[in-house]
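Lifted from TrEMBL, the feature list:
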DOMAIN    31-458  domain 'Integrin beta subunit VWA'
DISULFID  Cys32-Cys42  disulfide bond
DISULFID  Cys200-Cys206  disulfide bond
DISULFID  Cys254-Cys294  disulfide bond
DISULFID  Cys480-Cys519  disulfide bond
DISULFID  Cys485-Cys494  disulfide bond
DISULFID  Cys527-Cys562  disulfide bond
DISULFID  Cys586-Cys593  disulfide bond
DISULFID  Cys607-Cys612  disulfide bond
DISULFID  Cys609-Cys655  disulfide bond
DISULFID  Cys614-Cys624  disulfide bond
DISULFID  Cys627-Cys630  disulfide bond
DOMAIN    634-721  domain 'Integrin beta subunit tail'
DISULFID  Cys640-Cys716  disulfide bond
TRANSMEM  722-744  transmembrane segment
DOMAIN    745-791  domain 'Integrin beta subunit cytoplasmic'
Amino acid sequence: NELIFTKLIGLKSEVCSDWPGNECIKANALSCGECIQVGAKCGWCTDTFLKQGEPTSARCDELESLRKRGCDKIENPHGSQRILKNKAVTNRKKGAEKLRPEDITQIQPQKLSLNLRSGEPQNIKLKFKRAEDYPIDLYYLMDLSYSMKDDLENVKNLGTSLMKEMSKITSDFRIGFGSFVEKTVMPYISTTPAKLLNPCTGDQNCTSPFSYKNVLKLTSNGEQFNSLVGKQQISGNLDSPEGGFDAIMQVAVCGEHIGWRNVTRLMVFSTDAGFHFAGDGKLGGIVLPNDGKCHLENNVYTMSHYYDYPSIAHLVQKLSENNIQTIFAVTEEFQPVYKELKNLIPKSAVGTLSANSSNVINLIVDAYNSLSSEVILENSKLPEGVTITYQSRCKNGVVNEGENGRKCSNISIGDEVSFNINITAQGCSKQVKPESIKIKPLGFTEEVEILLNFICECECHKHGIKNSDMCHNGNGTFECGACRCNKGRVGRQCECRKDEVSTEDLDKNCRKDNGTDICSNNGECVCGTCECKKRDNPEERYSGKFCECDNFNCDRSNNKLCGGHGRCECRVCICDANYTGSACDCSLDASTCLASNKQICNGRGICECGTCRCTDPKFQGPTCEICPTCPGVCTEHKSCVQCRAFGTGEKKDTCERDCSYFNLIKVKDRDKLPQPVQAFPLMHCKERDANDCWFYYTYAVNNTEKEVHVVEALECPAGPDIIPIVAGVVTGIVLIGLALLLIWKLLMIIHDRREFAKFEKEKMNAKWDTGENPIYKSAVTTVINPKYEGK
């Protein structure tokens, strides 16, 4: 009733965009039964613990939240399970005492009952073990169209041969035989009278066309199989695809005619052609869908002309319902088609049939071993709101989950595997009687039945007091600590009728100080009483007579409500001991201000809210003991800066141990070093290492963090450049030599000129004799040729 009223007046839950939400609160559950259906995390408080203004639905919350709010009595029912039938799996060897098929057990347990709580999974464990010498029924379904003529000759002796081979696997083996051709209408066969009698050409003697015949019911007599199959004749049809799907459907649903037992059921489908399926019947004017029922008269399918071929999905359903495993024995040409079909039909196999079916026995044995070595669980249709998941624990410790969790492969006879199955319900089923689901391994007749009972009400519901005086003169049932109102009544104590909940007189009682806001805009007025809105965060609540209070709008410190040192009540912080302030962020404990000399703030500051405020600007740090600008700071930290920045210095071997007390930040050049600011004093340092190289850094204390900025490159004095020096010396020597030569030459020129001038002067003063030298004789002699005539 209260929920109906809530919808009438349009109450909406306030949503916090930054909170993931609480499904228990969002549900607005008005009773314990509604609450426990929301999810497994939800509980219902039966204590009288609601504060003024909180609605009845505030009793439904997450378990931890209810405990924090002070609730001691919480209804939180849990699901349970009970095993009703638990017959152990059969352990016996071949040749032991023969058991009836119904006495052989391969899956355990066989029947359970579950009590499901919404959102709480129930885990059950199933055990499966392949029984040795398990009975087998095999039905051989053969295509008898003309192209299978040579195959029929080899199949005629199949009975005794197959019985002999299968006796190695089981001592209880039965075999049957059926054949098919095609629908007996055009265009699948020729309907001329002659062709109806003998559809084959030439002098071939063929039997009349037919859709499906059950030639031999399942029997343990191999000789009878050989005899009846030996009498079969080939028939014929017009198109290549055959009507095998009609035959498979009849074999699956006509259990009495075929003689199926509740044992391993195998059907061998032998053909050298493709298949018709649903919709192909329209070619022959057949439009009625296949009804999936048995239509055998005198072991012949009589409705092939009336019903269309079945669909693949229809076949899958019927084969699964009747636990039939199919072996497709087909020629190489049609392998791809039937392999695709195998992927659609669970528990089926495909084998390659030789051209004349000579390998059919080996094919059947191999396919059976392949099918029986795999177990796949399937379940019946689940009730609404119920989900199921599987986990398999297979041979050699292999664990599979998801869809692969339904199956185990490579299981040999005597191997035991297990399955963990989780069944979960969401909500409560509307069915009065318990619902059931069945789980069975595909291809096996055994199954596990699970009865599902849904927990829809709490235990306290049984002790409810109808027409209780606690619910306003008997206008409701008092159960689980709250009133469940009778029809037409609303309110926490069912004190109002629906038709009077919104009257103006009642609304006056919900206005604080005769204001205009009803319930401070944080709630709704119900029967003259404010019911405050709920928030998605279960820790946040409105309260108060007029919903004027809350516990989440107090002052914050360090992004925590009341600094994490108090609780918020009606928008005011109630601080814990030793804390004060509007946000409880001021500690009264002075122990955090004690310096190493046991003085408060080193005698250079004042302790305020557990933190030192340094009065001497030179000192800083949590206890005013750090002086980054005092003399000796650079020398004190020189070795550590050297080892961390350059890997050198006195402490390079103990650097990691002794020098990790500051954060090191490298900069490219001196211009990038930080400059002093008033808030954080900073010291510029210039130090020289053992190689006479200078390095520059700053030391500062930023709050409690010590920071060192250092120039990443050392500044070292440059060494002498030999080549220029040598070149200079050589050049100097050469130039000096040239200068000396020039001076010498100049002096010689001056000397020569002086000597020449002196010579000239002496020459001018000398008096020389101008006569000829008496001893001078000319060097020239003139001789005249006597023969010369002067010509």
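Along the chain as shown, the residues are counted starting at 1.
Cβ atoms are placed via backbone N, Cα and C, with glycine included.
Computed from a predicted structure; not experimentally measured.
Here the features listed in TrEMBL are painted onto the structure.
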residue	record	Cβ within 10 Å
Cys32	disulfide bond	29
Cys206	disulfide bond	20
Cys254	disulfide bond	21
Cys480	disulfide bond	24
Cys527	disulfide bond	23
Cys562	disulfide bond	25
Cys593	disulfide bond	23
Cys614	disulfide bond	20
Cys630	disulfide bond	12
Cys640	disulfide bond	21
(request) Just give me the nearest neighbour of Cys485 (disulfide bond) among the disulfide-bonded residues Cys254, Cys627, Cys640, Cys655, Cα to Cα. (result) Cys254
(message) Summarise the domain 'Integrin beta subunit tail' (634-721) as counts of helix, strand and coil residues per DSSP.
(response) 20 helix, 29 strand, 39 coil
(request) Would you mind reading off the Cα separation of Cys254 (disulfide bond) from Cys655 (disulfide bond), to the nearest angstrom? (result) 90
(message) Can you tell me which of the disulfide-bonded residues Cys519, Cys624, Cys630 is spatially closest to Cys200 (disulfide bond)? Compare CA atoms only.
(response) Cys519
(request) Cα within 10 Å of Cys624 (disulfide bond) is the criterion; apply it to the disulfide-bonded residues Cys42, Cys294, Cys494, Cys527, Cys612 and give the hits in sequence order. (result) Cys612
(request) For the domain 'Integrin beta subunit cytoplasmic' (745-791), would you mind checking the mean pLDDT of the predicted model? (result) 78
(request) Just give me the nearest neighbour of Cys562 (disulfide bond) among the disulfide-bonded residues Cys32, Cys586, Cys614, Cys627, Cys630, Cα to Cα. (result) Cys586
(message) Taking 10 A as the limit, how many CB atoms besides its own sit near the CB of Cys609 (disulfide bond)?
(response) 15
(request) Please report how many Å separate the Cα atom of Cys612 (disulfide bond) from that of Cys593 (disulfide bond), as a whole number. (result) 6
(message) Spatially, which candidate from the disulfide-bonded residues Cys32, Cys206, Cys294, Cys627 is nearest to Cys519 (disulfide bond), comparing Cα atoms?
(response) Cys32
